[in-house]
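What follows is a short report on a single structure.
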Amino acid sequence: MHQLTLAEIVRGLQDKQFSSEELTGALLARIADVDTRLNSFISVTGDLAIADAKAADARRAKGESDPLLGAPIAHKDLFCTEGVLTTCGSKILHNFKAPYDATVVAKLKEAGAVSLGKLNMDEFAMGSANESSHFGPVKNPWDTERVPGGSSGGSAAAVAARLIPAATGTDTGGSIRQPAALTNLTGIKPTYGRVSRWGMIAYASSLDQGGPMARTAEDCALLLGAMAGFDPKDSTSIDQPVDDYLAVLAQPLAGLRIGLPKEYFGAGLDPRIADKVMAVVEELKKLGATVKDISLPNLQHAIPAYYVIAPAEASSNLSRFDGVRFGYRCEDPKDLMDLYKRSRAEGFGDEVKRRIMVGTYALSAGYYDAYYLKAQKIRRLIKNDFVSAFEGVDVILGPTTPNLAWKLGEKGGDPVSAYLEDIYTITANLAGIPGLSMPAGFVDGLPVGVQLLGNYFQEGRLLNVAHQYQQVTDWHQQAPSGF
Ligand code: GLN
């Protein structure tokens, strides 16, 4: 049963081939059996899941027919879940039970989806390898000596190893797309404002966006349809109707205009990944797409701009973790200042501290203009590059990552080399446009992802292209051996 995709599960539940309770029980047993090898879950909420599964079965028996009714999922541990541990991968929240559900969690609950637990992640979503979690690193099911990507590494490993059919993730600079690429999944970061950030613990508020991770584009469409929508509780949420993502999947690709940015194929890209990307282009041409060379001239400035803006916002967002209101508190504080200092010193890990320091520096008087303001100007140039590119093409295609999944610990002492891995993903967050990563083959037994970027609110188009590609290829169906 664990091999089924989310769409197959939906059909199985509809046709009464199995109940949600049976399915949930089977998956929980498998998680208990297998996750010791991966460390993808921080909390498994078995009793709650079985109760929710029974409730979903009862709703179905009464005639309700929401497609996700009884479908098992799990949430990145950055989404607040009422009464359930919500750690954000950090010691500072190791004992935090959220008092309310994030909008995404509430919407999926309402649709009848059953959450099996909370998934491991880089501390406060800062990272590309899931090695900065207080709860230990996550292993990549394709090679357990390698990283699964990050920061949604728990979501990626759990779905890739078939512990759950789909999961939520969040993406501030690539944290849905990059782990999806390194574990052979499909994942989409929607347009900024499409999915509510209410109850998503903030990393960099102007970049953060939640989205689905699954094996197929169809599964992502199913989940995104339930996650997306206007939320008055999030002031950056956009009041625009949600497209029917399932309905657009079948649209033919004839006439699709694909842009290939020349800057995406320069130095730094593993040539074996470049070959896979070009093979995808050839396949899409056979489906009727046309291809055009384009330029995104400000790509070279993206990493420096992102690594000023994201830490600046993080330094402000993370000031709320003070040892007073919630979370970890140091023992025997001498006075209030000592309590603040030691709770934060003991509660945050190294990468989080590094970013708080960089961000505080960039925002301080005297440096604000030189760093933060300049980074914001670059951000606008990057956005403008996309606006002009989308005048001539429908989607932009390229690699999701410059390299394959690396060995655990390999980049530990070198944060900048990890930051460079984000080169192809962060621009979508800086501009606010949607981006999708899909499986595109293997090099040395490790998955390769291809990224599709679209204009604002073109999630449907990206899912459509990925779905059509998945009708003529079977990369996305490959499973890691041993899982
Ligand atoms: N790797 C990037 C970072 O560390 C992106 C993380 C994310 O998208 N949450 O900031």
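Yeah, the Cβs are placed from backbone N, Cα and C, and that goes for glycine too.
According to TrEMBL, the active site, charge relay system annotation covers Lys76, Ser151. Annotation source TrEMBL lists active site, acyl-ester intermediate at Ser175. The annotation domain 'Amidase' is assigned in TrEMBL to 22-463.
The Cβ of Ser151 (active site, charge relay system) lies under 8 Å from the Cβ of Gly89, Met121, Asp122, Ala125, Met126, Gly127, Ser128, Asn130, Ser132, Thr170, Thr172, Ser175, Pro179, each of these being in the same chain and 6 or more residues away along the sequence. Long-range Cβ contacts of Lys76 (active site, charge relay system) within its own chain (separation 6+, distance under 8 Å): Lys118, Leu119, Met121, Ser152, Gly154, Ser155, Ala167, Thr168, Gly169, Thr170.
In this view, the residue listed as 'active site, acyl-ester intermediate' is surrounded by 37 other Cβ atoms within 10 Å of its Cβ, with every protein chain counted.
Secondary structure at Lys76 (active site, charge relay system), taken from DSSP and collapsed to helix, strand or coil, is strand. Looking only at the domain 'Amidase' (22-463), the predicted model's pLDDT averages out at 97.
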